[in-house]
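Q: Here's a structure for you.
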């Protein structure tokens, strides 16, 4: 390798570097040793190697590197085809193997099967976990945050399944927490909304009334009510303190696709937005003191062509 590097440097503009390298490798006897006709070994010299390997061109090392990349690309494809670099990392690394580039998918069942919450063995390409500095910086880029609310990243390595509950008769389409994190709401294909306790997974209440599957749910910012949209074209609102129904909102001509409570408020006026498969968005006004909704919403239709649906919505904080 030293001989090939010296040959490459000698043929280029770095003549002084080539002379220094040749002198040092000969002084430290790093070149292959020479055998005479009696079998005795002698220190190898650079000139003897040049004469012995006359078939080796000065750019032999460069040609070897250029030939390695296509061969490796054929065996283990890189993430960016055609891009060759001796300094690549990950799937662009020239030392990559099919095992190191294997995509590992962690399943919940694998984490649940761990004993005593033992963290799983990280895959080869796992890398170092992000520290709290990177986490706080990313949250600063993506929105407001408080440093005391950051969870230490070491917590994620000890995660395990808390509770597994079979409580619905059919598929569960939407899940949400209340504002305190003490209750979980699930909406299912059996037309029911169920409320569960996060501590022990106990069923607290079942909210009935819809005639079709639940498509989306939203909890008010005051944590006083929950709204659920369904494929029966209606929105039903329940009180979280008494679980009593508060309102049935009918303003869409098709399935409800998303629900959002507005974080902005003016006095006691609040708004609930809903989008539907009919291409409309409705803003329902309600009063925070009485928890009563207006019967007629502010309705907007956005349909650039027939069949267009409103799929999701979001409020700016």
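First residue shown is number 1, and so on along the chain.
Glycine too: its Cβ is placed from the backbone N, Cα and C atoms.
I grabbed these lines from TrEMBL:
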{"type": "DOMAIN", "residues": "1-72", "note": "domain 'BRWD/PHIP N-terminal'"}
{"type": "REPEAT", "residues": "165-206", "note": "repeat 'WD'"}
{"type": "REPEAT", "residues": "207-238", "note": "repeat 'WD'"}
{"type": "REPEAT", "residues": "249-285", "note": "repeat 'WD'"}
Q: Apart from its near flanks, which chain residues at least 6 from the ends of the repeat 'WD' (249-285) lie with a Cβ under 8 angstroms of it?
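A: Sequence-remote neighbours of the repeat 'WD' (249-285) are 212, 215-221, 227-237, 293-294, 296-303, 308-315, 317.
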Q: With DSSP as the yardstick, break the repeat 'WD' (207-238) down into helix, strand and coil residue counts.
A: 0 helix, 18 strand, 14 coil
Q: Could you give me three numbers for the repeat 'WD' (249-285), the DSSP helix, strand and coil residue counts?
A: 0 helix, 23 strand, 14 coil
Q: For a three-state summary based on DSSP, what are the helix, strand and coil counts in the domain 'BRWD/PHIP N-terminal' (1-72)?
A: 42 helix, 4 strand, 26 coil
Q: Could you count the residues of the repeat 'WD' (165-206) that DSSP puts in helix, in strand and in coil?
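A: The repeat 'WD' (165-206) comes out at 0 helix, 21 strand, 21 coil.
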